[in-house]
Amino acid sequence: MELETSVYRPNVAVYDSPDGVEVRGRYDQIFAKILTREALSFVAELQREFRGHVRYAMECRKEARRRYNSGAVPGFDPSTKFIRDGDWICASVPPAVADRRVEITGPVERKMIINALNSGAKVFMADFEDALSPSWENLMRGHVNLKDAVDGSITFHDKSRNRVYKLNDQTAKLFVRPRGWHLPEAHILIDGEPATGCLVDFGLYFFHNYAKFRQTQGSGFGPFFYLPKMEHSREAKIWNSVFERAEKMAGIERGSIRATVLIETLPAVFQMNEILYELRDHSVGLNCGRWDYIFSYVKTFQSHPDRLLPDRVLVGMGQHFMRSYSDLLIRTCHKRGVHAMGGMAAQIPIRDDPKANEMALDLVRKDKLREVRAGHDGTWAAHPGLIPICMEAFTGHMGKSPNQIKSVKREDAAAITEEDLLQIPRGVRTLEGLRLNTRVGIQYLAAWLTGSGSVPLYNLMEDAATAEISRVQNWQWIRYGVELDGDGLGVRVTKELFGRVVEEEMERIEKEVGKDKFKKGMYKEACKMFTKQCTAPELDDFLTLAVYNHIVAHYPINNSRL
Ligand SMILES: CC(=O)SCCNC(=O)CCNC(=O)[C@H](O)C(C)(C)COP(=O)(O)OP(=O)(O)OC[C@H]1O[C@@H](n2cnc3c(N)ncnc32)[C@H](O)[C@@H]1OP(=O)(O)O
Ligand SMILES: O=CC(=O)O
Ligand SMILES: [Mg+2]
């Protein structure tokens, strides 16, 4: 089916909502096929059953933040030692996803979905999170696209190239990543309050696709999910209960739904066993979400001036704390019988410069070789052009074995300590680092405000996680007036210096993107928001949460039942 959402006209129709559910997003006949009374009822049931648990989990996050802000550091929880020491394993891996050596990720856009499913990767992670700006239009089109993808009917006509896209016979297995627990969905009110974003994402996708998915993609299992940004196993426990609730509603066997949890917050690295334990009937492993993990390191230590990060470009997987995290994740997953997935290299192919392209591809190759040699079972690719390199690295090492779960135990990683996981990253802090964070942060935010959640900037993939690093690093350097190395040697980062950098970088952005695009885009608004965030007395928890209201578009006429 070709997706043609209706052109805008004043709302005269409304969604058929159950009691207590109010849809405040634009009405569209195509969206109405997703927002059915039955699907909305299911979302409302999830919201009503779990909202208290979610609220409590978010309060616990705040409480932990207060402790870290008073000088505490995260560590292993003595009260759950029995789980870490126990001999349990997770449910066995569904055959359909035993081999996940290369996974491509991308937002839930129509053409991207088709390209990703056809890309030759083993898995496609369709993203409602880091790679998506969660506007009503993006979210609802995303659901329409996924439904068409699961039933195999998805097509896309690129009119500018007169090219029609459709699915190949062989496609990647689909995983869906709902938003994190912290994000609301302001266009759907349940009992007068915005719904929890991830329950909307999960609920609508599950409701419409579970049957077809299990038949065509999961060989009796599924649907499959990626779960982002958790900080504690109590959050995994909520997901486990959500899955059980969904399985019951659908009348399918317990343990059908499977999910990989991203370990992408610093507190969560101390909870990996506990997270797997909570999800042991629904787990297909853990993944190293390296970009949010770096962001979380800064956020966790926002009140620890002795733990400042060096330039963003220097915080790679070679840093001791990052290597320790990846090694311990591999050991933990393999001990529990599940996949230990690697992460995303930020380099993307560079079309117009063969030499720079070769250098970028070489960096990706090295990153993937490091991952497979360490014992990871698969990795992420940001772009179809990187899949052959990732495949070569993993297949070169694993051969025909679908994964390394049984063959690489990494017993040596049992010696990794709290100190290893928290070790301060080494490197210089430079004016160029401050400039790059600023230039990238503003351009990313401008894109996000206009509907794009992942963009190429300076030949790298930028999404919400990488933009967060830019924001919090600037905040930290300004807050503690760090002394710069390199060109800015001896100069301290102050609000005044940052103000000058912002002005100069805005001029540079205007030159680079051209006056016309600069004027039409939301660069000035983005600059204002980014500057405010970097200079705020208190660090905001999430950039995308702080600016979310700017992409909310309510249609009150929807409610008048004309
Ligand atoms: C930190 C994390 O959370 S990582 C996970 C979240 N981030 C992501 O998923 C990022 C995914 N990647 C992307 O969004 C894109 O690759 C970008 C924005 C980085 C670069 O996009 P572009 O500049 O448009 O790439 P480019 O022009 O080279 O694309 C060439 C072709 O590849 C396709 N393509 C690019 N990336 C992807 C992808 N990830 N999935 C599917 N297709 C893709 C394009 O659609 C295009 O197709 P076409 O030739 O049929 O028109
Ligand atoms: O979601 C992935 C990350 O690196 O962040
Ligand atoms: Mg992430």
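Just so it is clear, glycine is given a Cβ too, placed from its N, Cα and C backbone atoms.
Because the structure is a prediction, the values reported are computed rather than measured.
Copied over from TrEMBL:
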ACT_SITE  R177  active site, proton acceptor
ACT_SITE  D463  active site, proton donor
DOMAIN    19-81  domain 'Malate synthase N-terminal'
DOMAIN    173-424  domain 'Malate synthase TIM barrel'
DOMAIN    429-551  domain 'Malate synthase C-terminal'
Problem set entry | For the active-site residues R177, D463, the one whose C-beta sees the most other C-beta atoms within 10 angstroms | D463
Exercise. What kind of secondary structure is D463 (active site, proton donor) part of, going by DSSP in three states?
Worked result: coil
For this session: Would you mind reading off the Cα separation of D463 (active site, proton donor) from R177 (active site, proton acceptor), to the nearest angstrom?
Result: 14
Exercise. Using DSSP, how many residues in the domain 'Malate synthase C-terminal' (429-551) fall into helix, strand and coil?
Worked result: 84 helix, 10 strand, 29 coil
For this session: Just give the helix, strand and coil counts over the domain 'Malate synthase N-terminal' (19-81), going by DSSP.
Result: 41 helix, 3 strand, 19 coil
